[in-house]
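The active site feature in Swiss-Prot is assigned to Lys147, Tyr178. What Swiss-Prot lists as NADP(+) binding site is 35-37, 63-64, 81-82, 105-106, Gln143, Tyr178, Ile205, 212-214, and the listing cites similarity to another entry.
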Amino acid sequence: MSWWWAGAIGAAKKKIDEDEAPRNYESVALIVGVTGIVGNSLAEILPLSDTPGGPWKVYGVARRPRPSWNEDHPITYISCDVLDSVDVEAKLSPLTDVTHIFYATWTKRSTEKENCEANGKMLKNVLNAMIPNCPNLKHICLQTGRKHYLGAFEDLKSKCHDPPLTEDLPRLDSQNYYYTQEDILFEEVQKKEGLTWSVHRPGTIFGFSPYSMMNLVGTLCVYAAICKHEGAVLRFPGCKGAWDGYSDCSDADLIAEHQIWAAVDPYAKNEAFNVSNGDVFKWKHFWKVLAEQFGVECGEYEEGQQVKLQDLMKDKGPVWDKIVRENGLSTTKLEDVGNWWFSDIVLGNECWLDTMNKSKEHGFLGFRNSKNSFISWIDKVKAFKIVP
């Protein structure tokens, strides 16, 4: 069994030095959201010599200029605002050799109604530019998430399904931009005969991207670095259910492998799949791991006084600037690398677990050891000098 299905942490990194160019490309990928937490993993894994469906030529799309931490990936980087239909048409419609689309981006608005409008428009812009112009387009992967079962952030879990969460559960009776995206996908693929799709629903993602709006590991690293700098205890900013209860997560590399599997395996076509690591953990154990990684005193759950990172970190911008200067870190602003709102949601609620049975029944046997995953992504945040 190759590393591809073995769930090996860091296997992709070990392969990079072995690959040789040039190659004749079998498949051509378009990653939309290439600087995001999963897009970055796709950009690392797709070009490898033994990636199924390959050799792959890869285009990567993101709104901002290419960051230094993404530059080593052997892809063609395209700066494009997918919310702007004119920009999309000009920059993406010429990519007529694309065979597979990996859509892994989103934008955050103040209400779910606005989320539906903006995120629906983004996906539709991309598909309108690609489907009519790519004669060999075979498959579209759409990444959504577990809020499919739990509801939008503004009414999270108010009317959610009882876990374990399975792919055949009906949609909730509420607005959800994931539903909007799915409906657009289902409608657009009908316009090209033989074009297939897959939907991927991860839980909380462990991965690396300083540009991600939902980067839990990076955010916790920044919090721990500030505690280290100030000699403070690493207080747990969450609820008892998160501290004592079972949680799970989705490794970004695993999600990338899951999407590539669905893109090339006939048995995975036209299906929606959960994607998580396949094990469970408790935050009270991972909190000790985080404290050890940064050499800080580990706090405990504080009965009756749940703290929030948004409150603890609201005045820490100057502190972070000092940490960056003193340690020669990559230049970042606290508001960019600290997704406090998202961390407060994850740690402020008990975890609603899913099941990977459907993926396994369809042939995907990938998994991750979540503790090893957590540590490996912490190491990557340090390696790219985001934290000391």
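The backbone N, Cα and C atoms fix where each Cβ goes, glycine too.
A map of Swiss-Prot features onto the structure.
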residue	record	Cβ contacts under 8 Å, 6 or more apart
Thr35	NADP(+) binding site	Gly60, Ala62, Arg64, Arg66, Pro67, Asn70, Ser209, Tyr211
Ile37	NADP(+) binding site	Ile205, Gly207, Phe208, Ser209, Ser212, Met214, Asn215, Ala252
Val82	NADP(+) binding site	Val32, Val61, Arg63, Val88, Thr105, Met122, Asn125, Val126
Trp106	NADP(+) binding site	Gly33, Asn119, Met122, Tyr177, Met213
Lys147	active site	Phe153, Leu156, Asn176, Tyr178
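There are 21 other Cβ atoms within 10 Å of the Cβ belonging to Met214 (NADP(+) binding site). For Arg64 (NADP(+) binding site), the number of other Cβ atoms no farther than 10 Å from its own Cβ, over all displayed protein chains, is 9. Under DSSP, Arg64 (NADP(+) binding site) is assigned to coil, being neither helix nor strand in the three-state scheme. For Ser212 (NADP(+) binding site), the number of other Cβ atoms no farther than 10 Å from its own Cβ, over all displayed protein chains, is 25.
All protein chains considered, the CB of Tyr178 (active site) has 23 other CB atoms within 10 Å.
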